[in-house]
Amino acid sequence: MVNVGPSHAAVAVDASEARKRNISEEVFELRDKKDSTVVIEGEAPVRTFTSSSSNHEREDTYVSKRQVMRDIFAKYLKFIGPGLMVSVAYIDPGNYSTAVDAGASNQFSLLCIILLSNFIAIFLQCLCIKLGSVTGLDLSRACREYLPRWLNWTLYFFAECAVIATDIAEVIGTAIALNILIKVPLPAGVAITVVDVFLIMFTYKPGASSIRFIRIFECFVAVLVVGVCICFAIELAYIPKSTSVKQVFRGFVPSAQMFDHNGIYTAISILGATVMPHSLFLGSALVQPRLLDYDVKHGNYTVSEEQDKVKKSKSTEEIMEEKYFNYRPTNAAIKYCMKYSMVELSITLFTLALFVNCAILVVAGSTLYNSPEADGADLFTIHELLSRNLAPAAGTIFMLALLLSGQSAGVVCTMSGQIVSEGHINWKLQPWQRRLATRCISIIPCLVISICIGREALSKALNASQVVLSIVLPFLVAPLIFFTCKKSIMKTEITVDHTEEDSHNHQNNNDRSAGSVIEQDGSSGMEIENGKDVKIVYMANNWIITVIAIIVWLFLSLLNVYAIVQLGMSHGDIS
């Protein structure tokens, strides 16, 4: 028998501890290696150790991606506003009238026209954003600057007709809502709608207002828009249980039913009510305050003290407006703002505007279709039916939504009229005088109609106004497509100092002829002037967008030809 002494036991323990230390060191060494794993097997269950550096990298990547998404979302929130303002043009009282008529005569089959109109509206509004962002001009000022005088005045005539037709719909719709809700006579209702004129006349001053005030103004309009959406979300809960959801969704697919009961004429009315001409001027103008705010904050655009001294005879408001109208965005501002402006507008139109228009038609189609009241149905009729067949609250909520739409649309239409007159004509008047004269041009026909015609003619006047809007639409879309396709207009300049160039670029620049422009993949060029490079970046439409724009214009024009022929054959009877 061998006796193991204390020294031998100590040696055995030391050897065991050393072995454990070696294993631990190997484990930690393997942990530090990227994407390495180690498995230790013993009496205990198998344990796996994954590289800690890999875990940290994955965690850092996740955190960085999450931070990027937060930054993108925070930046997007800064651009919310113009899309809501433009969306008002697509949920005005004219939409109520045409959608009610479509639902009563064709039930849900014309939902596909609303969807198509929404896509066309988004496409055209993106062109408006592009024009306003690159040139710093709204559509009316671009017409005055780049078109012959006679053509500019012709387009001004069509634009003013569009504003007047829109005002007629807004005023009549608001007057009807006030008449039903609080029993206000129609002429008095028209007079009440003039209040929003003074609200705009004395508050909305794009050149003299800060970006913060403009955002507050946008929030005011946004509250009205959200109120309309809430009303129709509640309204849909009141529709008959027998309404087939499958049949509703089938309406988004073209069918033969859409041609029944003069459906093409109704479709043209929907197109005119959805793709509003005055929204083209509005969309191209609303993008500019954020561009200007970016350039002012980054020191890219200022008015010198010398200029202020020269202009001291002018009022502060006139100086600020002149600064605003002379502004041209820098390339940095365009890159920062344009994409987010397009995304914000597209999301708003494809959610809020599409939902409201479809909801109006679904409510009308589920309550009026195949009913004795369907023939000649108007806003009064649908209120009576909703109140009698569904619930009194249903009719009240519908009229409340109409009132909110009329008020918000009246505000936006006043802004559009101001943009049109100041852009096309460039009146040499005080700003408040221009706004008052602009509104008087539009409000007088509304007063005449509200006083002289009865309830039976109101629906026809509303639908006719939407057909007028559809007819003038191609004339106002044409210059928008022309401007955004022309490289000499859709361009911006970037100035680069030679001293900041490296030797290789400096040598290449010396080989260029002074004053020459060199094309770079058709999108940019370089011009040398006073020892500095002026890089020209072209942002005109590519051939795909150009083809789509031409197809849209031809489609609108063909529909207008059909509408004019139908009016001629029916001797002006649009019933």
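Using the three backbone atoms N, Cα and C, a Cβ is placed for every residue, glycine included.
Note that the structure is predicted; figures quoted are calculated from it, not measured.
Scan Swiss-Prot for ubiquitin cross-link across LYS20, LYS34, LYS246 and the hit is LYS34.
Swiss-Prot assigns ARG70 and ALA461 to the same side of the membrane.
When SER24, SER36, SER516, SER523 are compared in Swiss-Prot, the phosphoserine annotation sits on SER24.
In Swiss-Prot, the annotation transmembrane segment applies to 267-287, one of the ranges 267-287, 435-455. In summary, of the candidate residues LYS33, LYS65, LYS297, the record from Swiss-Prot lists ubiquitin cross-link for LYS33, whereas the others have no such entry there. Residues belonging to the topological domain 'Cytoplasmic' (92-108) score a mean pLDDT of 82 in the model. Among the listed stretches 109-129, 219-239, 345-365, 544-564, the one sharing the most Cβ pairs under 8 Å with the transmembrane segment (397-417) is 219-239. Counting Cβ pairs under 8 Å to the transmembrane segment (157-177), the stretch among 109-129, 219-239, 267-287, 345-365, 464-484 with the most such contacts is 464-484. When the stretches 71-91, 109-129, 219-239, 345-365, 544-564 are ranked by Cβ pairs under 8 Å to the transmembrane segment (464-484), first place goes to 544-564. Across the candidate stretches 109-129, 219-239, 267-287, 345-365, 544-564, the maximum count of CB pairs under 8 A to the transmembrane segment (71-91) is reached by 345-365.
Counted as Cβ pairs under 8 Å, contacts with the transmembrane segment (267-287) are highest for 109-129 among 109-129, 219-239, 345-365, 544-564. Sequence-distant contacts of the topological domain 'Extracellular' (130-156) (same chain, at least 6 residues past either end, Cβ-Cβ under 8 Å): 280-281, 283-288, 291, 325, 327-329, 333-334, 337-338, 341-342, 419-420, 422-426, 475-476, 479-480, 483-484, 489-492, 539, 541. Within the chain, the topological domain 'Cytoplasmic' (240-266) has long-range Cβ neighbours (under 8 A, six or more residues past its boundaries) at 98, 101-102, 105-113, 115, 362, 365-367, 389-390, 467, 562-563, 566, 574.
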